[in-house]
There are 2 protein chains.
Amino acid sequence: MSQARLMEGTALARRTLETTAKRAAHLTERTGQAPCLATVLVGEDPASVTYVRMKRNRCRAAGIESRHVALPAATTTEELVGVLRTLSHDPAVHGILLQHPMGAHIDERAAFEAIAPEKDVDGVTFASFATMSFGLPGFVSCTPGGIMRLLDEYDVDPAGKRAVVVGRSAILGKPAGMLLLARDATVTYCHSRTRDLSAAVREADIVVAAVGRPRLIKGQDIKPGAVVVDAGYNAGNVGDVDFDSAAERASLITPVPGGVGPMTIATLLEQTVDAAARQTGDRGV
Amino acid sequence: MSQARLMEGTALARRTLETTAKRAAHLTERTGQAPCLATVLVGEDPASVTYVRMKRNRCRAAGIESRHVALPAATTTEELVGVLRTLSHDPAVHGILLQHPMGAHIDERAAFEAIAPEKDVDGVTFASFATMSFGLPGFVSCTPGGIMRLLDEYDVDPAGKRAVVVGRSAILGKPAGMLLLARDATVTYCHSRTRDLSAAVREADIVVAAVGRPRLIKGQDIKPGAVVVDAGYNAGNVGDVDFDSAAERASLITPVPGGVGPMTIATLLEQTVDAAARQTGDRGV
């Protein structure tokens with residue numbers, strides 16, 4: 001009985017990666033140097049190892065050089081900061097991705113801030129958060145950036161609409177709300193302390209679920225005709241939205257998997273080529 | 001027929017300044033050096049001249065050294081950045097206030113970013129915005145910081161409440177919303193593109209008006225019992241809220257003048273002493 005149209009992230013990500021690969025090839029030809037993304041991984045958490053491998057494979061497929069720095073789990077914050085500073089100063093590296101979350105002994109924020117803003121293609125630094133928030137040029141956090149691309153692809157203009165972001169993490173909920181605000185949505189942030197979540201979500205023309213709680217948002221919470229973006233990704237390929245019931249009321253909805261997820265890596269690679277173009281002075285790419 | 005209790009910023013600011021003066025005296029005695037705020041003014045805009053004079057007078061009254069740098073209107077961004085970098089490196093200066101807005105030929109953002117975050121007692125840098133947004137230690141923008149102090153003073157706990165911020169400027173609306181979010185409010189940002197402002201404001205347990213449009217928000221927009229904070233300051237001492245009609249429905253309301261306004265300078269001076277204490281290693285102050 002699903003009525004909503006699917007927002008197909010897999011297909012959009014594929015097209016984005018094709019364009020990115022063309023730009024990377026062009027840039028390599030013009031400058032004699034391929035765009036290069038450095039990935040940094042501390043420890044051997046299996047999920048993190050898998051994510052990094054996926055990102056590196058996608059880089060290579062797109063003609064982006066992938067340089068990997070694997071650090072032992074016992075690496076200190078100071079050592080990690082040193083590695084990130086060195087990469088920040090290395091002219092052969094255009095973008096830096098620090099895989100997170102990291103071990104509890106690492107000061108994650110200190111590590112992020114050691115990434116030069118012009119190489120912060122994952123959009124994790126204070127500077128990137130502020131430029132997103134103020135609508136200034138800069139890199140966006142990859143998942144929120146991917147969400148905005150999906151909305152654009154499906155002709156959803158946030159201006160004047162009520163957008164409700166459920167979740168307020170530093171790299172997902174908060175920047176997603178700020179990007180929607182910069183595009184003139186009336187934005188509400190909901191979270192674990194929100195009293196009547198269903199009532200708040202029912203106000204939304206655009207719902208962004210980004211909280212990591214399986215099927216938290218049900219169809220009855222969705223205003224008929226709303227656009228539903230599910231950035232949740234929980235065990236068993238389940239999103240934060242109860243897909244079946246929500247799809248009966250939404251006009252557009254992202255599937256999980258195959259919605260927001262694939263756009264994250266596509267945005268990362270696109271921003272890596274952007275970074276390389278800026279750093280090599282090749283703005284025509 | 002006013003029923004709301006007044007949130008008396010003038011009185012709270014006076015008490016805050018008294019405490020700040022005591023801390024400044026203590027710090028001066030312990031370190032042999034008074035806390036020092038550098039004010040930087042480009043050009044001679046009469047309102048800006050007045051604001052800077054007020055701030056300097058308050059500094060002196062609180063035992064905070066005031067160092068003033070007056071620059072000609074024709075100062076370039078580059079020259080201004082140079083001045084701010086020098087102050088950022090000067091160990092005798094603990095806080096820096098760059099009076100704004102500045103002439104259109106100045107890249108305001110580049111100037112703000114030349115202020116070292118640890119001296120950004122006016123809370124204008126990217127780093128300060130991000131630390132406010134992520135609930136991390138750092139300086140807050142002075143007016144939003146003053147608003148939070150007022151709420152605390154009147155035992156308004158934002159946790160779980162609906163807060164609506166009307167306005168989204170970089171130094172007022174956006175950080176005010178982020179500070180409320182960090183204190184667990186469910187926060188909605190409204191602005192010029194919001195479609196039904198009255199309906200959105202009526203959802204609010206806490207309204208922060210920060211848009212600079214005289215009497216934009218009327219009593220009929222206020223949910224009975226709401227807390228109304230008017231950070232607007234328009235010609236003729238008029239706020240963004242129609243005080244008389246709003247006071248009939250609110251439980252607490254800030255007057256204009258005498259509400260939010262006085263808290264701004266109080267927060268600035270308090271943060272200057274905080275900065276001096278940190279920079280001189282005197283954390284006990």
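Counting begins at 1 with the first residue displayed.
The backbone N, Cα and C atoms fix where each Cβ goes, and this holds for glycine too.
Listed features, source TrEMBL:
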BINDING   B:Gly167, B:Arg168, B:Ser169  NADP(+) binding site
DOMAIN    B:7-122  domain 'Tetrahydrofolate dehydrogenase/cyclohydrolase catalytic'
DOMAIN    B:141-279  domain 'Tetrahydrofolate dehydrogenase/cyclohydrolase NAD(P)-binding'
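The number of other CB atoms found within 10 A of the CB of B:Ser169 (NADP(+) binding site), across every protein chain shown, is 17. The average per-residue pLDDT of the prediction over the domain 'Tetrahydrofolate dehydrogenase/cyclohydrolase NAD(P)-binding' (B:141-279) is 97, rounded to a whole number.
Apart from B:Gly167, B:Arg168, B:Ser169, the NADP(+) site neighbourhood in this chain, defined by C-beta within 8 angstroms of the site C-beta centre, holds B:Val165, B:Val166, B:Ala170, B:Leu172, B:Gly173, B:Lys174, B:Tyr189, B:His191, B:Ala210, B:Val211. With DSSP states grouped into helix (H, G, I), strand (E, B) and coil, the domain 'Tetrahydrofolate dehydrogenase/cyclohydrolase NAD(P)-binding' (B:141-279) comes out at 56 helix, 24 strand, 59 coil.
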